[in-house]
Each structure stands twice: as C-alpha cells, then as structure tokens.
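**Q** Quick paste of what TrEMBL says about this protein:
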DOMAIN    A:7-243  domain 'Aspartate/glutamate/uridylate kinase'
SITE      A:Lys9  site 'Transition state stabilizer'
BINDING   A:Gly41, A:Gly42, A:Arg63, A:Asn158  substrate binding site
SITE      A:Lys224  site 'Transition state stabilizer'
Protein chains: 2
Amino acid sequence: MKPSLSILKIGGNVIENKAELSQFLTLFSKLEGFKILVHGGGKLATEIGKKMGIESKMVGGRRITDEQSLEVITMVYAGLTNKRVVAELQARNCNAIGLSGADGNTIQAHKRPVKDIDYGFAGDVDGVNEGLLSHLLTLGLTPVFCAMTHDGKGQLLNTNADTIASEVAIGLGERYETTLYYCFEKNGVLKDVSDDRSVIQHIDTATYNELLEQGIIADGMLPKMANCFHALNNGVTKVCIGNMAMLTQNEKLYTTITL
Amino acid sequence: MKPSLSILKIGGNVIENKAELSQFLTLFSKLEGFKILVHGGGKLATEIGKKMGIESKMVGGRRITDEQSLEVITMVYAGLTNKRVVAELQARNCNAIGLSGADGNTIQAHKRPVKDIDYGFAGDVDGVNEGLLSHLLTLGLTPVFCAMTHDGKGQLLNTNADTIASEVAIGLGERYETTLYYCFEKNGVLKDVSDDRSVIQHIDTATYNELLEQGIIADGMLPKMANCFHALNNGVTKVCIGNMAMLTQNEKLYTTITL
C-alpha cells in the first residue's frame, strides 16, 4: 500500500489574518502522515507593492506580472510570507522547509505564451521533481511552497497557488495516496451561495456535470473545480474543499470530491 | 578520508552588481565537490526599505533590526536575493536550494541579549543541523543560505553572513574536510591597504599575532580575522580570503589562513 500524503493549499484570507493563520498552523502541524503546504499571499503583495509605489495590474482577477510586480512577489511570497510560516511551523515542532519551484528544481515551468493577454512573468507548470520531494518527505521535512516556479534558465515565474497544489499532488500521485485540501473562507461548495450551511458534501463526475448544467458551479468556483477534476483524472485520490475546520476529526461540513 | 566541502560567503558588493554576480555564479557552479553558498545583501535591503519609507538604523556599522527592518530583511534576503541566486544557479546546472536558518531548522539562534546596545532582532547562533545539511548535500543539492536564523519559537532573526558561513563550516567540520572562502572586493589581507598587490599569501597563528601587534590587521579586518581563527580553532581546515578570482585554478593572489 502506498503511504498517504496530504497537500494543503491556503489562500490569502487565512495567510493574512494573524489569528487565523496561527490557528491553521496549529491544526496543520498536528496532521499525521506526510504533508505539504502551499500558500498564496496576493493581498499582502498588493499592499507592499503600494508602499513601494508599484501598482498591481489585474485583468479578470488575474495578476499581470511585470518585472516590478515579480520583484514584489518574490519578496513577499518567497520571503516574508514563506519564512514566517516556516518559522511558525518550527515553533510547533513541524520541521518545515520553505520552497519556491526554483529550490531543488522542484517545479519547472515556462512563461505563459502571449495570446489575447500578456500575463508577463506568469508560469505554466511543466513538471514536478517528485524524486526530490519524496526524499525530503522521507527525511521528516514538511515542504512549504510559495506560489512561484522557474523556467530553468534563470527566470522566476509567478504561478497560481491552486495550480501548484494540484500539480504537486499529481506529481506525487504515483508514490503516494494523495489527498488535496483546498482551505478557504467558505464551508465548501455551496448549493446556494447565500447560505453557508448549504454545503454539498460529496461531488463525483456525475454530480459535477449536473451541478455545471444547473449553473450551481459558476464564477470563481469554475476554475477551482476544473482544477480538482484535472487532479483526480491524473492520479490524485481525493480532493476536499472547505474551511480549516475540515482538518479536525469532528468537522463533517465540507465538500469531498472524487471521480 | 573525509569528503571535502567548500563554504563560500559573498558580500553585498558581489550580490548587487549583476555582471559580477553572474560571473561569480558561473565560477561557483563549476566548483567540484560538495559546496554551500552564503550571501549577504545589506545594501539592497537598505534601498528597498527606503522605497517603503523605512530608514535603516546602524550603530558602529551594524544594523539595528527593529520589527520593520526585520520585515524588509526577510523580504530582501530570503526572498528577492536568495531566489534570484537560486534560479541563476539552476540555469547553470547547479541544483541549488535556498535556505534561511528556519528552513529545516538548519540554524538555531537566540535573540542577542541587550547590553549597551539593543540590536533588536539580531540572532547569535546556537547550533547547526549538520545531519540534515549532510543529507541535502548527499542528495546532490547545493544549499544557498541567506543571512537569517530563527529561535525555534517562531521568531526570525537577522544574523551576520560571515558568522553564518563560519558556523555552518564548524558544524560540518566533523563530517567534511571544510574550506571556508570569504569572497570580497579586495585581493586578500593586505600588508598595505593602499596597495592592492600587497596581499599576504599565508597567515597562521604565529604570523596572525605578529600582524595584530604591528597593527596591520585593523578596523573591519579585525572581526573578520577573529571569525576565521574561531572557525579554524573549531575544526575548519582552511580559510581563504580574496576576490572571486581565487576560485579559479590559475589565480594565486589571495590569502590562505591555517592554524
């Protein structure tokens, strides 16, 4: 039997609230088995960019990463946020090691080709160094990824944290029984966006197609769910979506997605 | 026989000059055997702090690390500089992995006690996780340290890069035949500071004491040399001081220090 591996992604809302982050890191540090954390951190980057006189450019909710934005992102994602998380996990006896995709060549990517929109230094993932990640896990380390990759030619690239989480889960799917957790502010995938208790507890391929037809999965949930099924179709065992309480044994209110 | 390990420290002058850094990284990537890089980067931190409206406070050439400065340092040392160096080394087929002392709990430190001066979040090193570093080297990785440590209780600390280099060299001295290289802008320890060709090619304990008496080792060179002998007295085989040309086979003009 393959050993189990949990890959958790937390977004800006958790990362940038000190009390929530602390609570999350305590839950995370207590999780048993092999685990990997992936964090975003877009809001703080926008804020620090502003202090430096650099305006964030967004198109359709996605960041346009010009050279100056890349500098800010490298400072905030790989520096400030990543090292704070690592130091806090160390304080909780979790032997964390912070990584960008350039470190140990863990995630290779290429600059997104320009079509309608030039996203600048945005990276689309080509592959994950699953051999090295597996070695690090075996050494008792917990990798903590920021949302950055590299192209192998010296260029750092900004890469969506959801994508990093799913690609890492896919890359390690052959060696591990992988569960992917997307932690966000909501309780899960909701039947009615205005009702936080209307969580759909289980989604599989058939119900996914129904939900799509009914228009229940829409807006920001569309790429998130596409990402989940991309992972499931490529060897990931299970995806869970919900708030951090899903990491506790007694919380039943979150969405589990399987094929 | 123990395997050999080179630990190189580069300062701000190399880090912040794009052409020099590129040249250095090419030389470094070609070095054979196990190797570790340690980088400073104080000038860029000062510059970025200024852009954010944060003034650097220095006393006697040493940075006073208040909370805001620590933020800037974490962004610049662990983020911008470290990841740029790592990505550039990856482009040179050197499998670099960027680390602060918090990552993998590689360097534990404590906040410097307040005596005459409160240095703020400055860390004095307690120990190095030589077991993990040795594992990383065996995996074919090249650790790249920024000048940061942690206290194990969630606090990141600013730590002198020269000290990090010597402490890492000491920590690994039992397992490896360690050579410590301090790369800076001068050709080595000079007999006459105004004559860049007056390099003292070899210094040992006896000549060190003579040079101290004659006042030839003074000012900024005093703590640097004390650091070197501290390393040598604690298991480091050899220390070399000079500009990056000392990494080439044909350059003879640099200072070698042994006990």
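The backbone N, Cα and C atoms fix where each Cβ goes, glycine too.
Note: TrEMBL annotation is automatic and uncurated.
If you look at the structure here, what lies around each of the features I listed?
**A** Every protein chain shown contributes to the tally, and the Cβ of A:Lys9 (site 'Transition state stabilizer') ends up with 28 other Cβ atoms within 10 Å.
For A:Gly41 (substrate binding site), the same-chain residues that are 6 or more apart in sequence and have a Cβ closer than 8 Å to its Cβ are A:Gly12, A:Ile15, A:Glu16, A:Val76, A:Tyr77, A:Thr81, A:Cys146, A:Ala147.
Taken residue by residue with DSSP, A:Lys224 (site 'Transition state stabilizer') is part of a helix.
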**Q** Between A:Arg63 (substrate binding site) and A:Lys9 (site 'Transition state stabilizer'), what is the CA-CA distance rounded to a whole number of Å?
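**A** It is 19 Å, counting Cα to Cα.
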**Q** Around the substrate site recorded as A:Gly41, A:Gly42, A:Arg63, A:Asn158, what other same-chain residues have a C-beta within 8 angstroms of the site's C-beta center?
**A** A:Gly40, A:Ala45, A:Thr46, A:Thr65, A:Ile73, A:Tyr77, A:Ala147
**Q** Between A:Asn158 (substrate binding site) and A:Lys9 (site 'Transition state stabilizer'), what C-alpha distance do you get in Å?
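**A** A:Asn158 (substrate binding site) and A:Lys9 (site 'Transition state stabilizer') have their Cα atoms 16 Å apart.
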**Q** Just how many other Cβ atoms lie inside 10 Å of the Cβ on A:Asn158 (substrate binding site)?
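**A** Result for A:Asn158 (substrate binding site): 25 neighbouring Cβ atoms inside 10 Å.
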**Q** Using DSSP and collapsing to three states, where does A:Gly42 (substrate binding site) fall: helix, strand or coil?
**A** helix
**Q** Which residues of the same chain, at least 6 positions away in sequence, have a Cβ lying under 8 Å from the Cβ of A:Gly42 (substrate binding site)?
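**A** A:Gly12, A:Arg63 - these are the non-local Cβ neighbours of A:Gly42 (substrate binding site), listed in sequence order.
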